[in-house]
């Protein structure tokens, strides 16, 4: 427990039988659990207890799984290291002294440490895949609309999806089967997720699989990471896959487009935290605006304030066209690039993270450095595509992840391809 | 480079718009960081205009009554309530 994996260790029992019977699931603390405190890693929601379950939590319980506790996370999902949590950083069980990645770091650490069989995270710009890579476990970011966001405390609605973390590809796919599918409470969900059997696709058969390798996603990556990446590709080739290099010029602008869009949406979504209906109010005197501003000063940490303010700036008069509109152009360009690349390949492959896990404390003072670490994961969210991170060895004793990106609703393909690398 | 790099005044202005009170040290720290970050965002200027092939459909459902939270449940997380209502600060 020294790793600070859970914010709240309270459990909830699921049904007696079902495909996930007897499995325990760590749930990221931005996913609402009825009667169990849900803090989003923030002092703002320190005492918040939701009166309802998120759709994914209902589905977990229906599938027979038990909630193992609420996992630590970067405050409101904002971070790449799980160090911005108001409840302290989580240590990486697979690489002690290093960050577990973020923002779903507690979820990945719970699986890596064996504190839960499975976990749920949320991925807005890589927040399931990054901690999966850093903790040496499997993580899936589903196609946008596959999994209901009802009950997920919103950070950036147009980008985020709830996704599974597990020790193996097959187990991650089983959890995805349980949570995916249309939900009347989330109008962005789609029919494609109904009656899936992604777990059956984890058969390791990559004979004839064509892999595209976007050269831009290898540029600037750490040498040890690149070495592990190519040895994973060699292994897939040995099993009958082939690869070719592709160029995706748009991804050079994905990180800045991602942050402009995510921060803009965050500035709007986090306006609801005024301490009146729920959350920290501080009981300040003064008029509405003064009391509200003081409550938010106390309740939010620096990274959250930074993003709300940058998002407000990007949307403010005179800057909207310069930042937000351009970011939407970049988003459309990224989608177009991916569509073209996936016309000639079944999956695209890259290192999940261009670097091995940071040491704890290393990136906190330099937000831009942390933002740039998201270069390989953010394009996928901009393009609404599915992607999986699967362990691909180590460099200097630190876990490396391989990312496989598929076409929209191509979860079976990425599960099948990743399962060929599974240790299990 | 930005025409006008974000300074402490800009940070104070957006903080007011966003209703986030900041102390002076944070204002200075953010001003320095925002200059770097916004400078980096400027590279979006290199992005060409792209046609968006948005294939969007409205998702509608019948407007029917459903079970919702009870008043008690809705109020359970509020720090201050009065006569079954949320109680907020003065508006002006």
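The backbone N, Cα and C atoms fix where each Cβ goes, and this holds for glycine too.
Note that the structure is a prediction, hence the values are computed from the model and not measured.
Listed ranges A:75-108, A:109-142, A:143-176; the one TrEMBL annotates as region 'Disordered' is A:75-108. Per-residue confidence over the domain 'Amidase' (A:10-414) averages out at a pLDDT of 96. Taking CA atoms as the reference points, residue A:28 (active site, charge relay system) and residue A:127 (active site, acyl-ester intermediate) are 11 Å apart.
Note on the region 'Disordered' (A:75-108): residues 2-7, 26-30, 39-43, 46, 119-124, 126-128, 130-137, 139, 153, 155, 160, 165, 266, 270, 300-304, 307, 353, 356-364, 370-371, 373-374, 397-399 of its chain, located 6 or more positions outside it, place their CB under 8 angstroms from a CB of the stretch. Across the fold, the C-alpha of residue A:127 (active site, acyl-ester intermediate) and the C-alpha of residue A:103 (active site, charge relay system) stand 5 Å from each other. Long-range Cβ contacts of residue A:103 (active site, charge relay system) within its own chain (separation 6+, distance under 8 Å): A:41, A:73, A:74, A:77, A:78, A:79, A:80, A:82, A:84, A:121, A:122, A:124, A:127, A:131.
The least crowded of the active-site residues A:28, A:127, judged by other CB atoms within 10 A of its own CB, is A:28.
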